[in-house]
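According to Swiss-Prot, the protein carries these features:
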- 8-28: transmembrane segment (TRANSMEM)
- 35-55: transmembrane segment (TRANSMEM)
- 101-121: transmembrane segment (TRANSMEM)
- 125-145: transmembrane segment (TRANSMEM)
- 160-180: transmembrane segment (TRANSMEM)
- 240-260: transmembrane segment (TRANSMEM)
- 272-292: transmembrane segment (TRANSMEM)
- 306-326: transmembrane segment (TRANSMEM)
- 331-351: transmembrane segment (TRANSMEM)
- 367-387: transmembrane segment (TRANSMEM)
- 415-435: transmembrane segment (TRANSMEM)
- 461-481: transmembrane segment (TRANSMEM)
């Protein structure tokens, strides 16, 4: 009984989310099913966050053949749950507009969240693949939930086909690794490489590792495997993008870190090392430079996210043998990226729903123009978020990139530092372009501004102001981390 209790403690947040899914089945025919579903989902996610924060102080490590939970896992699970929480809160107004299928959105979010948490705590290729499929299949429904656009449907179908192909590559890589090592549990690989170091140079092992990395880079939309990503960002609803743009990155990046930790000898294979290095560099350059020619704001953010993921990959690849999980540098930059995207798409979803209600769908691309003039608070919050993402001086984003440059110089990556700095200047121009549009006088039709009297709930205001407050305080005091 004690053993069973000890096994349940670490996975209790997942069990809590599963229980909330069961409750949702009982309120499918409720008259206020959207409100009830939102309450059930947000409460379960909120208490999962509280539980993890509480147990994090006493619980250190739990390991079995299928899962491994440590302080590193707790950090990523909290980020994933926060992303899900914001998605549920800011999707509520959109779901009220749906006639028939509305509460199903919460099913998708909960299932994807459970899948993401399985990826984060996976210690076996079986649990990893189960988590990946559980994460990505419901996301297809999330992306298409608030849109009937053919372009959106086409981009999702394209993403689905390519995602299936990347999952097949992952399985192919796993099969080659299993053929060479005879193991699927990650915990055994450091021992195998320690006692049989020559196995890492086996051609089938190298091919298997390359296939797995290729699959992960596709799911992270790194260059040149990014072609599906901009269309998803452009045609999907901002409310869906709160979850998609953050949850996928958190989950897959957490596994990539764990994978590189259990396969430390990858750095000895120069070909793989240089390929990862070039992919990260080209991602930073490509995302910033191609963003210049974009006219759609969401598509621009999609390209800039490629650049940000490239930054995170550079942090990892330049640490080589001294790689340490969750150092201050990685925490700061990941925090900026995740909360920046959550804040941006949360504000965008509030604005866009007013266009839907006023039947101004054709004008949604101009929804950020003049935001400051009809809602100064949202305009200022959006400016703070975008300035932080750009790395503007005296913001949290500036310190994140400053620490990256300092780290690269210490590792003697001088040319890399110079190239990234030049690329970052271009990226800053892209963010300033969006910020500039916030302060342009809003367009008027029939003497009426595009959006007047934005409705924002008290909870939504609190969450957005909290993000802005965190960015400002941590911008002045970055060493709080």
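Each Cβ is built from the backbone N, Cα and C atoms, and glycine gets one as well.
Keep in mind that what you see is a predicted model, and the values were worked out from it rather than measured.
Under the criterion of 3 or more C-beta pairs below 8 Å, with sequence separation of 6 or more, the transmembrane segment (240-260) and the transmembrane segment (125-145) qualify as touching. Outside the transmembrane segment (125-145), and at least 6 residues removed from its termini, the chain residues within Cβ reach (under 8 Å) are 66-67, 104-105, 107-109, 111-112, 114-119, 152-153, 156, 159-160, 163, 167, 170-171, 174, 177-178, 184, 186, 219, 232, 236-237, 240, 243-244, 247-248, 251, 255.
Here the transmembrane segment (101-121) does not lie next to the transmembrane segment (272-292) in space: the count of CB pairs under 8 Å, restricted to residues six or more apart, is fewer than 3. Same-chain residues lying 6+ beyond the ends of the transmembrane segment (160-180) with a Cβ under 8 Å from its Cβ atoms: 125, 129, 132-133, 136, 140, 199, 202, 204-205, 207-212, 214-216, 218-219, 228. Comparing 8-28, 272-292, 415-435 for CB pairs under 8 angstroms to the transmembrane segment (367-387), the maximum falls on 415-435. Counting same-chain residues at least six beyond the ends of the transmembrane segment (415-435), those with a Cβ under 8 angstroms from any Cβ of the stretch are 281, 284-285, 287-289, 291-292, 294, 297, 300, 304, 307, 311, 314, 318, 368, 382-383, 386-387, 389-392, 401, 404-405, 408-409.
Under 8 Å from some Cβ of the transmembrane segment (35-55) lie the Cβ atoms of residues 9-10, 12-13, 16-17, 19-20, 23-24, 27, 74, 77-78, 81-82, 84-85, 88-89, 92, 95, 102-103, 106, 109-110, 113, all in the same chain and six or more residues away from its ends. Long-range contacts of the transmembrane segment (331-351) within the same chain: residues 75, 79, 82-83, 86, 90-91, 93-94, 237-239, 241-242, 245-246, 249-250, 253, 297-298, 301, 305, 308, 311-312, 315, 367-368, 371, 378, 381-382, 385-386, 388-389, 396-397, 399-401, 403-404, 451, 454, 456, 460, 463-464, 467-468, 470-471, 478, 481, each at least 6 residues beyond the stretch ends and with a Cβ under 8 Å from a Cβ of the stretch.
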